Amino acid sequence: MKFSSAAIYASVILNLASAQPIILGKKDAKASADLWRDQSIYQIVTDRFARTDGSTSASCDVSKREYCGGSFQGIIDKLDYIQGMGFTAIWISPVVEQIPDKTEYGYGYHGYWMKNIYTINDNFGTADELKKLSEELHDRGMKLMVDIVTNHYGAAGDGPSIDYSIYTPFNEQKYFHDYCLITDYENQALVEECWETSTLPDLKTEDNEVLSVFESWVKDFVSNYTIDGLRVDSAKHMDTSFYQPFTEAAGVFLLGEVFDGDSAYTCPYQDYIAGVSNYPLYYPVLRFFQNSKSTSGELLEMIDNIKLKCNDVTLLGNFVENHDIIRLGSTIKDKALIKNAIAFTILGDGIPIIYYGQEQGLLGAEDPENREALWLAGYDTDSAYYKFISKLNQARNQAANKDNSYPSTVSSIIYSDDHTIATKKANLVAIFTNVGASASPSVTLSQSGFQKGDQVVDLLTCSSTTVGDSGLEVTMALGVPKVYASSSVASGIC
Ligand SMILES: *[C@@H]1O[C@H](CO)[C@@H](O)[C@H](O)[C@H]1NC(C)=O
C-alpha cells in the first residue's frame, strides 16, 4: 500500500517536472527549487551503501578509511529498498575522481578529495553506470542529487609541499589560496581564504577564471548525468559572489552545507543558495530528543528564530544524522526518543534528509564510525525504523498529494508544554514528545483545525478517533509521535 501511494505521488512530481522543464537559467533554477521542496531525500555514501556483487558479508572496517566496494550499480539494485521507504530522491556522495593515495586520514572513499572534476571515480563504476542510475531513478519518478566540492581539492602531501600539476583542470598553484590554516572561525575572511586542513588545497572561488571553469563544468556535469539537484560541500568556505553565476549555470537547485548552528550566520546564506543545511535546528533537536529531562524552550525558540531569519524555511535541508555527525543511536538508547527525532525531521518545515542506515538503527558515532557498510546490517524491510520511516514519508507524500501547498506551508505550533510540541502544517497535525518509552502523556489540542465530531486518523497506526468537545484528545502511548489527518486525507493509505 505504501508503495502505490509513493507511485501516485511520484506521478504528481513527474507532471510538475514536465510542466516546468528544467532548462538552464535563473527562472528554471526557481522551478527546480519548487521541485525540491516536495522531495524527501535519502542520503547515501556510495562506497558504503551497496556493492555490485550484492554481497552482504564483504568486510568493511570503518576505522581503516578504505574503499569498501559500494557502487552505482549497487544503488541501482537497491532502488526498491529506497523507494519502499517512500523516498522520492537520493543524494549521493561526490562522484568525481579522487587522489588515489593513502593519506594520514585514509583514502578518498567519501569523495571530498578531488583530483579531476571531469572523470568519474572508477571505484564506484563508470560514467555510463552513473547515467544508468540517473535513468533508473527518473523512470521511477525519483530525483538525483549529487554532492559536489567546489571549495577545495585533496592532497596526499600537505601545505606548501603540494604538487598542483596532478590536478585537472586547476593544475597550477595560482588557482589556489596561499597556504594558511583557518585559525579563527569567527573571522569570515579566514574561513573563506584559508584551508580547512593542511591537505585540502583551497580554491580561489573569488577568482573569475576559477568561476568560469566551474560554470562550464557544472553545466556539462548536470547535463551529462541528468542531475536534478546539487549538494554543495563546504559552502561557508567559498566566496559568496560565486553562487549566483554558478547557480545560473547549473540551472538546478543547490543545497549548501553551511556547518554552523547559529541561525544569524547560517540563514543569510539563503540570499545566495536556495537550499541550506539546517544546522541551526539540528542542535536544539538533538538536545531535546536526546534526553527526556530536556525541556522544549530552546527548540521552540529556534523554530521561531529560523522562521524570522531564514528567507524560506521550507527549502532548508532537515536532518538528524549525516556523514559528519554522530548517529542518534550512538547517544540515545530510548527508541521512542529516536522515533520522535526522525518524525520531527520528516514532518517539519523543510526538505527531509534521512542518512542511509538510520532505517536499520546503525549506531556509529563520529566520522569514520558513522560511515558503516549498510550491507553488513542487511537490507531488512521489516526493521522497526524502516517501517516507521516508510509510514512518515507516506504521511508526508500523502499530505502533499491531497494538498499541493503542503510542502510550502510553514507550520504553526498549536500546542506546547515542557515535553511535548504539536504542529499544524496544512492538512497534517503532528505531535512529538521527549518523555521516552516509559510514559504515555495525554494532551488536548484545541487548535488542531479539526471540528468537534470530525473523524481523524493517526497516519502512523491508522487508528481513528473522534474530535471531542474541547478538541482532539491525544494519548501518546509509550512516548511515540502521532500524525493526524482527516479521514479523507487518510483514505488511500489507511
Ligand atoms: C560531459 O561529457 C562529455 C562527453 O562525454 C565529456 O567530454 C565531458 O568531459 C563531460 N563533462 C563533465 C563535467 O562530466
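Start at 1 and count along the chain as shown; that gives each residue its number.
Glycine is treated like the rest: Cβ placed from N, Cα and C.
Binding of Ca(2+) 1 is attributed by TrEMBL to E192, D202, H237, and within the candidate set N151, N171, N278, N291 the record adds N151 to that site. The two recorded residues C310 (disulfide bond) and C60 (disulfide bond) have their Cα atoms spaced 40 Å from each other. Closest to C60 (disulfide bond) by Cα-Cα distance, out of the recorded positions C180, E257, C494, is E257. Residue pair D233 (active site, nucleophile) / C68 (disulfide bond) shows a Cα separation of 22 Å. Rounded to a whole number, the distance between the Cα atoms of C180 (disulfide bond) and C267 (disulfide bond) is 27 Å. Across the fold, the C-alpha of C180 (disulfide bond) and the C-alpha of E257 (active site, proton donor) stand 22 Å from each other. The recorded positions shown are E257, D324, C462, C494; of these, the one with its CA atom nearest the CA of C68 (disulfide bond) is D324.
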